[in-house]
């Protein structure tokens, strides 16, 4: 269990803020799809004196002396990442998923080259070419999206767009897409136009590690990911690639995109990767998907419309247009009753990104607490009451949320 007694002695204001946040995590139902609860071992690794060490370069090829032990740490993380995903090469130094993506662009593209990435409004990510992101400012970006009738990726239209625009890189991956990605189809399209296939599996990395979602590694030239979310490690990034691209990727990360790696974070990555190699982790990932399907089914039974009519992974998008409430309003009301989620645009949304017509829900964090499919039915009922009868049901909802959180204690 984490300990902040020393912080309390030195900085009571900071200690109070930390305790407030930990209590928030304990006492609210966490449904943000990109969040999770790491193990005590990961927290311990993050707080080690490894944070003191500069280690520019890579194991065995550092620019500083005294790196013989942090070399062991980083090599453990590298070897475990390769083992988990069956990858030929792994770079565990990216500070975030976005920086991992930026490093890949830096490795393969020149300013003005074309990226084909998923439209942010259809479930993509800022770092896949959004105009407000560096990826959308330095490169020409052509978006692809989902079909209007079923909200599945339109692979025929994707192929047509790729042939018309000849992208240097095709990015497969999303931040709000509830269905399985067809990596074989992406590979075929990339080959037809001579593009590098980059897969951003940040959201589904844990599912992939456990074999619950098809792996992109056999199909992609490069795979990026965060190490948190479903993978349940520390906040950070990672790049997997074919051996032929190893030198190019490593150079793009350091010195191309970053300086010294965060060795305490890499240690925490190594710990989480060891956890990901266990049978318990596989069961956990299976339960994430079971819980997501149970929550989605229960919500639809309550009259909620789900984008694509369900989910294959850990997340779902609720279309609130038939509920007379915006995503922003729903997020606020749910937070008032201690249920945390995020407003989210839906495909072909008529609301602004700051208002939205939907909310995104995910099950990694509640599954980490030990919640099961029956609990998902309870959560669905709580969400329904919050949206449909907030004023009359508020006190009852808060009481039921408290009971559920007490049943599954966190960081005690």
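Glycine is treated like the rest: Cβ placed from N, Cα and C.
For the recorded site, residue 120 ((6S)-5,6,7,8-tetrahydrofolate binding site), the DSSP three-state label reads helix. What Swiss-Prot records for 120, 124, 125, 126, 352, 353, 354 is (6S)-5,6,7,8-tetrahydrofolate binding site, and it gives sequence analysis as the kind of evidence.
For residue 229 (N6-(pyridoxal phosphate)lysine), applying a Cβ distance below 8 Å and a minimum sequence separation of six or more within one chain yields 33, 34, 35, 36, 202, 203, 205, 206, 364. DSSP assigns residue 229 (N6-(pyridoxal phosphate)lysine) to a helix. Taken from Swiss-Prot, the feature N6-(pyridoxal phosphate)lysine covers 229.
The C-beta environment of residue 228 (site 'Plays an important role in substrate specificity'), restricted to residues of the same chain at least 6 apart in sequence and closer than 8 Å, consists of 34, 35, 36, 38, 234, 235, 236. For 228, the entry in Swiss-Prot reads site 'Plays an important role in substrate specificity'.
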Can you tell me whether DSSP puts residue 126 ((6S)-5,6,7,8-tetrahydrofolate binding site) in helix, strand or coil?
helix
One residue among the binding-site residues 120, 125, 126 has the fewest other C-beta atoms within 10 A of its C-beta, namely 126
Residues with Cβ closer than 8 Å to the Cβ of residue 352 ((6S)-5,6,7,8-tetrahydrofolate binding site), same chain and 6+ apart in sequence?
none
Binding-site residues (124, 353), the one with most neighbouring Cβ atoms at 10 Å:
124
